[in-house]
Amino acid sequence: MTQHDAHPELLLEEPGHQPAPVAPGTAAPDPAADRAFRRTVVGAVIGSVVEFYEFSAYGVLATTMAAVFFPIADPTVALLSSLAVFALAFFARPLGGFFWGPLGDRIGRKRTLALTILLMSGSTLLMGLLPGYAVIGVAAPVLLVVLRFLQGFSCGGEVSGAVSFIAEQAPAARRGFYVSLIVVGATLGTLLGTVVPAALLLTLSPEAMVEWGWRIPFLLALPLGVVAVYIRRRLDETPYFLELKRRQGRRRNPIAAALSGRRQWRLLSQSVLITSLNAASFFMLVGYLPSFTVRTLGLKGAMAFMPTVLAIVTMLGAELVAARLSDRIGRRPVLLASGVWLLVLSWPAFLLITSGAMGPMVAGLVVMGIGAGAFTAVTNPAIIELFSTSVRVTGHGITYNLAIAVFGGSAPYLLTWLGDASGSAVVGAFYIMAVALIAIPAVLSIPEMAGKPLKTG
């Protein structure tokens, strides 16, 4: 299978060429091309795993990081300060989207992906080497803020670049599944970023964690980053970008092109609103739940991490099933069904989670994991298909990261504050329901692109 066999629509861009119709999936198998595509998928997914492991480890260590960098007498204020640093990385992501998106549309998807993983691994490694407040005073939290900002800035280019990289090489009939593997990789990375710090918290004393144990998850960035960079540097550029480059169709200013005209603004708005529920549901479970289980539910030891791990594992299963289903019945039906699921079932699920009994808690977590996983898996295939090749990484990068910042990064801080102020244990449910009400109409407004060629030009 050559690049033009996988994407016959690219031949239509060649003047005077009239190719014979090619039915999807009927091209002769090419073992070399199949191996190259598998290498592409593995490289993109492994990089996503590493990137999100490094990005999410901070969330589980929020309480420990508060003690190391924010030694404030009031533990709630210290935790909120630590969570504010956690949220800062999300607000750096749109800036990363504005930087890495146009770069990916100008110099290529492959080169940009190698740079983002390099920056993420470097900033994470430096975070693990950073002295605490007791050693260098106020410089410690200041440097932590800078490094966390760089993490978010890097992450702002990761998802959009990786999603475009896979979407532009996957067969149209299975594009939803292959693109969703980036989200699966991110979820696996988040799981690792939960399990590794959790294992340390369970095996080391609180004093040892504050003194040196918190550094270990961040120092692992060095070997993980080296492997990811090596793999990504050996990947091939996508046929869509190579064709765009051959036709000299690259935009001088992809941001201006992505923001020009009512049609483009409609696409951008749809992308932000759909991603809002992705962000709210995913980061409520992986960013807010770890501290919620300790402070509100009173869980201790291994039990404190069980809800987060269970929710992430459930999301993984739901992501794979929903992505395959979206290739069969379309993106819109799966997004609509999972959006309504979250709208209707979030409140009952949170009542179960906060019931105090193990069985109902597990049931509530599974309900939330299914809805969040299904919606998250199909969000990226749906919105990456809205944009044409010359602004694909830019359009996705700006809108996806803006929604992640506003609706995802703020969730742990906002919900912790609202929970303390209101005394309610189910504020997370009302947050998800409110966001679902704005995401569902946006889902209904997008065109169905499952199985169709990506937009060129």
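Backbone N, Cα and C atoms are what each Cβ position is placed from, and that goes for glycine too.
Owing to the predicted nature of the structure, the values given are computational and were not obtained by experimental measurement.
For reference, TrEMBL has these:
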type	residues	note
DOMAIN	40-450	domain 'Major facilitator superfamily (MFS) profile'
TRANSMEM	79-101	transmembrane segment
TRANSMEM	113-136	transmembrane segment
TRANSMEM	142-166	transmembrane segment
TRANSMEM	178-200	transmembrane segment
TRANSMEM	212-231	transmembrane segment
TRANSMEM	272-290	transmembrane segment
TRANSMEM	302-322	transmembrane segment
TRANSMEM	334-353	transmembrane segment
TRANSMEM	365-387	transmembrane segment
TRANSMEM	399-419	transmembrane segment
TRANSMEM	425-446	transmembrane segment
Practice task
Counting only CB pairs under 8 A, let me know which of 113-136, 178-200, 302-322, 334-353, 425-446 has the most with the transmembrane segment (212-231).
Solution key: 113-136
Problem - Spatial neighbours of the transmembrane segment (79-101) far in sequence, C-beta under 8 Å, 6+ residues away - result: 55, 58-59, 62-63, 65-66, 69-70, 72, 112, 115-116, 141, 144-145, 148-157, 160-161, 254-255, 258, 283, 287, 291, 295, 393-402, 404-405, 408-410, 412-413, 416-417
Practice task
For the transmembrane segment (113-136), could you work out the same-chain residues 6 or more beyond its ends whose Cβ comes under 8 Å from its Cβ atoms?
Solution key: 44, 47, 50-51, 54-55, 57-58, 68-71, 100, 103, 143-144, 147-148, 150-151, 153-155, 157-158, 161-162, 165, 215-219, 221-222, 224-226, 228-229, 232-233, 235
Fill in the blank from the handout: On the domain 'Major facilitator superfamily (MFS) profile' (40-450), the mean of the pLDDT values is 89
